[in-house]
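*Asks:* Questions regarding the structure given below will be posed in turn.
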């Protein structure tokens, strides 16, 4: 046989091969075409963006991660887009021809989404040039200002606009040809074939859309693997980024619509007065709460900081706070450090606790900023200040770090590294919410020791005290608690905490480390009152090699802890946190706490509590012995101060006014023992960290 005849037969063989696939696919053929075309287009555009941003991708060794995570993120969107059509096939008999309603609907549906995908990808480079991000919530908001957007695009992105229009128009003709009706009608599937094939395909699509066999489906935080937010964003596609931002809008509530109104100027004025600082301390009108903080302590060198966030540990379980005797280890530690007698959580969810502890942001009726779109870049965290001071910041968790977008938020806002459930090679116990607290603390101790003399900040988040309370066999000898109960879980978590501190005391890092042990929230927050304040009461303890034992009896908020820690570390700084340095409060000030319970906001100063409930006038109470006693004649100034604290988080978030100023990082300094002020400099990556960067599954990133 001649070579010519071989080449003539190959196209025919390929044609017959695809014809057999088309016949077997039947009415699923357009869906297969869409799947292949969408995957190809998104992969090619992502690869183009990677080449464009190659220096940043290479800096975090991110090529294969971007491409790998990218396919996963694409699958989520593509699978969810195909589910409606497969449901249609399953529920209704269809016939694939030009007169079929299903054919017309599927062609329009698939064509629209392909064109939308292409349009969003062509819109991505100009958006990255402007915001260093893929199109997101900001993209949506600008649609409310079409004139300004049109003038901006025409003035600065004319060439990109022309390219986008050409590519989108060309794609319209391409998809019309790809999703055209077949020449020969494809017979409808029998009821039995549909009953077998369609549920199987639906199952595959749901698995692809969920894209995870963990407790929570994959989301943008799943693809956050580096501290470079743009590189993480390249893992997404722009259509998914925008649609996910729209989905997340449900988490945002405008407090201005559910609480009484107040002018922005008065909100800012009252917030500044509430902070009890001289007017000269405030350094910006654009970021109204941005101010200079002078540390109360003097340090010879930078102190390490470890925050241990205890899951669901309310004061009701801590004997030293008048609760049940479930935490003997914590009660003993309380005698060795600064123990907060009246510390109150800002909310009832873990993300609210993380928000308060790491950012100092006040609570609102919206979800915690950890999950909100406008907080995913440039939002203040103490890690941003500490990074400038040469610290490496890490989040150490025993569960899935993409849950509640923790990984994505923290890496985008100053943290260098996240360790989660996937990074424990051989844990002693793995439960519903991840590895046990014992495994968590052993890994934390190991990581702390590896830092040597280099300063570090670690947020360690426990999970054993979380329903369904599946924990290892409790090693506490005198524990009589029933397995699978709150008491059993708390006693185990307390034991693991005590074991960690026994090991930490013998470590090289103990003398130069400041520890904060604090709960994220109480276990179950409920009660017959407008807001069950007694269930916001949580334990808090600061200890370490240089901390003297003592008790802090005034009321305090979780949002006060971050400023207090910076002060104890001897770090002068400039930041927007409205919380207090608790060690420098006026003697006569009784302290204050701010709590959010669903849409109900509570402001407590001393024993006076002002409550703002949704669409209701403010009410004032006296908090006594766990009860709210109504006040007949509310204090109008206290009520206005409370309203300002309820409204300010929404204003600061929406106006993006919770960030550092242009010169804030230059103001990060440490007081030395001679009373001098020495500016800290970022340090280089150590040899050990370089090895980890090259070899670990979840490496460090600069």
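The backbone N, Cα and C atoms fix where each Cβ goes, and this holds for glycine too.
Pasting the relevant annotations from TrEMBL:
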TRANSMEM  34-55  transmembrane segment
TRANSMEM  75-96  transmembrane segment
TRANSMEM  108-129  transmembrane segment
TRANSMEM  159-179  transmembrane segment
TRANSMEM  191-209  transmembrane segment
DOMAIN    304-571  domain 'Sulfatase N-terminal'
BINDING   311, 520, 521  Mn(2+) binding site
ACT_SITE  350  active site
BINDING   466  substrate binding site
*Asks:* Using the centroid of the Cβ atoms of 311, 520, 521 as reference, list every other same-chain residue with Cβ within 8 Å of it (recorded Mn(2+) site), in sequence order.
*Replies:* 309, 310, 312, 313, 345, 349, 350, 353, 519, 522
*Asks:* Counting Cβ atoms within 10 Å of each candidate's own Cβ, which of the binding-site residues 466, 521 comes out highest?
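*Replies:* The residue with the most neighbouring Cβ atoms within 10 Å is 521.
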*Asks:* Looking only at residues six or more beyond either end of the transmembrane segment (108-129), which have a C-beta under 8 A from one in the stretch?
*Replies:* 30-31, 33-34, 37-38, 41-42, 45, 49, 52-53, 81, 84-85, 135, 139, 153, 157, 160, 163-164, 167-168, 171-172, 175-176, 179, 230, 237-239, 242
*Asks:* Using DSSP and collapsing to three states, where does residue 520 (Mn(2+) binding site) fall: helix, strand or coil?
*Replies:* coil
*Asks:* Which bits of the chain, at least 6 residues beyond where the transmembrane segment (191-209) starts or stops, bring a Cβ under 8 A of a Cβ in it?
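*Replies:* Apart from its flanks, the transmembrane segment (191-209) reaches 28, 75-76, 78-80, 82-83, 86-87, 89-90, 93, 217.
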*Asks:* Quickly jot the same-chain residues contacting the transmembrane segment (34-55) by Cβ under 8 Å, restricted to those at least six beyond its ends, or write none.
*Replies:* 63, 66-67, 70-71, 74, 78, 81-82, 110, 113-114, 117-118, 121, 124-125, 128, 175, 178-179, 230-231, 234, 237
*Asks:* Please determine which of the binding-site residues listed here (311, 520) has the lowest count of neighbouring CB atoms within 10 Å.
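*Replies:* Per-residue Cβ counts within 10 Å for the binding-site residues 311, 520 bottom out at 311.
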*Asks:* Please give the average pLDDT for the domain 'Sulfatase N-terminal' (304-571) in this predicted model.
*Replies:* 93
*Asks:* If one measures from the C-alpha of residue 311 (Mn(2+) binding site) to the C-alpha of the residue listed as 'substrate binding site', what distance in angstrom results, rounded to a whole number?
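*Replies:* Computed Cα spacing between residue 311 (Mn(2+) binding site) and the residue listed as 'substrate binding site' is 7 Å.
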*Asks:* Between residue 466 (substrate binding site) and residue 350 (active site), what is the CA-CA distance rounded to a whole number of Å?
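*Replies:* Between the Cα atoms of residue 466 (substrate binding site) and residue 350 (active site), the distance comes to 11 Å.
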*Asks:* Work out how many Å separate the residue listed as 'active site' and residue 520 (Mn(2+) binding site) at their Cα atoms, rounded off.
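*Replies:* Per the Cα atoms, the residue listed as 'active site' and residue 520 (Mn(2+) binding site) stand 5 Å apart.
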*Asks:* DSSP on residue 466 (substrate binding site), three-state: which is it?
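*Replies:* Once the DSSP labels are grouped into three classes, residue 466 (substrate binding site) ends up as coil.
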*Asks:* I'd like the number of other C-beta atoms within 10 A of the C-beta of residue 350 (active site), please.
*Replies:* 22
*Asks:* Check the DSSP secondary structure of residue 350 (active site), expressed as helix, strand or coil.
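*Replies:* The residue in question, residue 350 (active site), is helix (DSSP, three-state).
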